Amino acid sequence: MDALDLARWQFGVTTIYHFLFVPLSIGLAYLIAFMNTLYVVKNDEKYKKLTQFWGRLFLLNFAVGVVTGIMQEFQFGMNWADYSRYVGAVFGGPLAVEALVSFFLESTFLGIWIFGWDKLPKKVHLAAIWLVAIGATLSALWILAANSFMQEPVGYVINNGRAEMSNFFALLGNKQLWVEFPHVIYGALCTGGMFVVGISAYKMLRKHQTEAFKASFSIGMVVTLVGSILTAFAGHEQAQHLMESQPMKMAAAEALWETTGEHAPWTVVAAIDPGAKQNAAKLEVPYLLSVLSYNKLSGSVPGMNELQAKYEQEYGPGNYIPPVRTTFWSFRVMLVSGMLMILVALLGVWKMYRGKVLNSPRFLWWMMPAMALPWLGNLSGWVMTEVGRQPWTVFGLAKTADGVSPLVSSGMVLTSLIGFTVVYGLLAAALVYLIVHFVRKDDMAADASHKAHANPGNPALPIL
Amino acid sequence: MLETLWFILVTVLFIGFFFLEGFDFGVGMLTKIIGRGDTDRRVMINTIGPVWDGNEVWLITAGGAIFAAFPNWYATLFSGFYMALFLMLIALIGRGVAFEFRSKLESARWRATWDWIIFFGSLLPPLLWGVALANLMRGVPIDQTTNYVGSFWDLLSPYAVLAGLSIVLLFLLHGSLFLSLKTTGELRDRALGFAKRIGAWTSGALLVFVVLSYFETDMFTRHGIFPGMVPVSAGFALLSVPFLIKAERDGWAFIMTGLTIVLSTVTVFMSLFPRVMISSLNPDWSLTIHNASSNEYTLKVMTIVACSVLPFVLAYQIWTYWVFRKRVTPADHLDY
């Protein structure tokens, strides 16, 4: 493989890995802020314990999210130097603002929240976790502003052989940003919600602090229900916008080679043959694609062959069709996991309403594997978004292949790719081990630090 | 005009990073050097617990600022110093996670593993930043397409390695003085003792580095043999440290190592200005604040954002230090 392919792999691996942690951080931050608020308002110790229990898990997850985020910022310079030179004057802006406005806020107030339990008035301490949640959300906003520029470039002019920012507010007002941002944030709420639901279910099955975890289970379930329904609506908006901004991505997500007739059917599954540019077999639902695309029963959807011809006229010769199988299947994985999540949440809320949660051990048991659903949705959604944009990094403006660092050797990229993959793998193993270890204990404050003094292995210092 | 302002702002961000993370890198290294046993190490990590993450954001912001304000510098620097940056990222990743993971299990082996990661994770970044800064001052092979054409090993000249070691020593000194302010009892005595022992070595290394800079860089030919008040004050600040320790003024001693870091950083960037990366192949191929910068509009927007946000950042970060101003003792609840 050459440096370009390796750099792509590195971007894919490090970005997907980073995005395992980001939505959970955002979603869980709000759930914890809410539990902390209940503690301050009701002055009920149960909520303090819950806040600290989920806080511990949040911190473990947050730590990995933060450190892998540093890699995200620097690899544009390492592997994509020509991309950085070409669009840095636009794309760098939101990244710098993210660090200035959000990272400082998030990390400083998280430190204050963790260490400030006994040192600050309750309300000031509560404000700290809310600021962390807001900081995390703003962070997503700025990153998505940068990503939206890649999907739909606005607010720039081409000058001196590169893209230069010409309107900051256009970047912030990008239509793409305002369909993408809600979708991601609602998805993050589901991730936090299902995480709390799954682990609370385990704790209830084990009869650990059942009353407290029933409370967090309920909070998680309601958040997941609201979040998953909103995600679906936001996703629908986003898909409709895609018809205007990146019809090729939509066509690939549907494996649609030829432009449809007046009433476009939606393909459920298909055997795709990208070489022959056709589908060997497919299962369709009539009218549904027209409905999805335009909110009405009629409306033709352009296929990849027509769009390819159009782009060749517009941008010159080249292959403008993204990897169809990946785009098609990732879209379906996202849809199915999202739908299942809505079903799970509806069922869960119904059981809560009837007061039957604790009487349904089988349902509780199923909540553990169901924790995977939001992650499947988040990751496949991003795969569809990023792979479906190929061959472009910035749609219509810059191709991925032209952005790679010209003098970075494939050996260097390979070394760092292996290095990061191994390190990330070890981190994941350590993190999972810690989470499992912590969750299994029937002790809500089960944290080594609270027992430091009881540990006979630590000789007391002479000054004590 | 705005290009100069952004050069100054980038300098300020690096000052923030080196000053603040300087002591937490120092503390990270010292956990292995003067930390005896688990309680010691936990106390030490907890002295920087509430702040190290915020300190690291200064680096992330510096990176973002370079990307936005000087995209060509960002591209050339980070693709050019590829392997060095790779090592630094691995170090920062391991270190950040280690702080969080270390104390979550009682197992001695688990903790010993993360302790080594904290040690090397705190040692490598300052070492590599020293190497990087020395190479920036000295010039590196950059061709006419503004790409770095050397290899990783080209960066490791004796001069650059000495710069790395000097920074490591300076941060160890800075970190041990920070510990002397934040701990009590025997641990505090050991921190002070270590600061005393290392003071002379730090001054010596930096002195040799300055002398070598005369031969290796164009700093003195550009600014004259008297380099100006800034570097000279940096030297005096550093030399005053042993006396302040002896006089039991460790607060002042800490301020003085901080001042040394601030003024040395200013010196490095002053010796570069208006260049940001010097080409050793042809001075005309150097990157300057003019040919590496963004367009006027981007800089203007970024200036407005930075000037309205930075004061708040400074205010709440200072507040954090105020909230956690007390010394950490083994009797405290230790989060990390």
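Even glycines carry a Cβ here, placed using N, Cα and C.
All TrEMBL annotations are machine predictions without curation.
Counting only same-chain residues 6+ beyond the ends of the transmembrane segment (A:16-41), those with a CB under 8 A from a CB of the stretch are 47-48, 50-51, 54-55, 57-58, 61-62, 64-65, 68-69, 71-72, 122-123, 126, 129-130, 132-133, 136-137, 140, 184-185, 187-193, 195-196, 216, 219-220, 223, 227, 374-375, 378-379, 382-383, 424, 428. The transmembrane segment feature in TrEMBL is assigned to A:16-41 (among others).
Residues or ranges marked as transmembrane segment by TrEMBL: A:53-71 (among others).
Long-range contacts of the transmembrane segment (A:91-115) within the same chain: residues 55, 59, 62, 66, 73, 76, 84, 125, 128-129, 131-132, 134-136, 138-139, 141-143, 145-146, 149-150, 165, 168, 171, 394, each at least 6 residues beyond the stretch ends and with a Cβ under 8 Å from a Cβ of the stretch. Marked as transmembrane segment by TrEMBL: A:91-115 (among others).
Marked as transmembrane segment by TrEMBL: A:127-145 (among others).
Look at TrEMBL and you will find A:184-205 (among others) tagged as transmembrane segment.
Annotation source TrEMBL lists transmembrane segment at A:217-235 (among others).
What TrEMBL lists as transmembrane segment is A:329-351 (among others).
TrEMBL lists A:363-384 (among others) with the feature transmembrane segment.
If you look up TrEMBL, you'll see A:412-436 (among others) marked as transmembrane segment.
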For the transmembrane segment (A:53-71): best-contacting stretch of A:127-145, A:217-235, A:412-436, by Cβ pairs under 8 Å: A:412-436
Contact call for the transmembrane segment (A:363-384) and the transmembrane segment (A:412-436): at least 3 Cβ pairs under 8 Å, seq gap 6+: no
Leading stretch by Cβ pairs under 8 Å, where the reference is the transmembrane segment (A:217-235) and the options are A:127-145, A:184-205, A:329-351, A:412-436: A:184-205
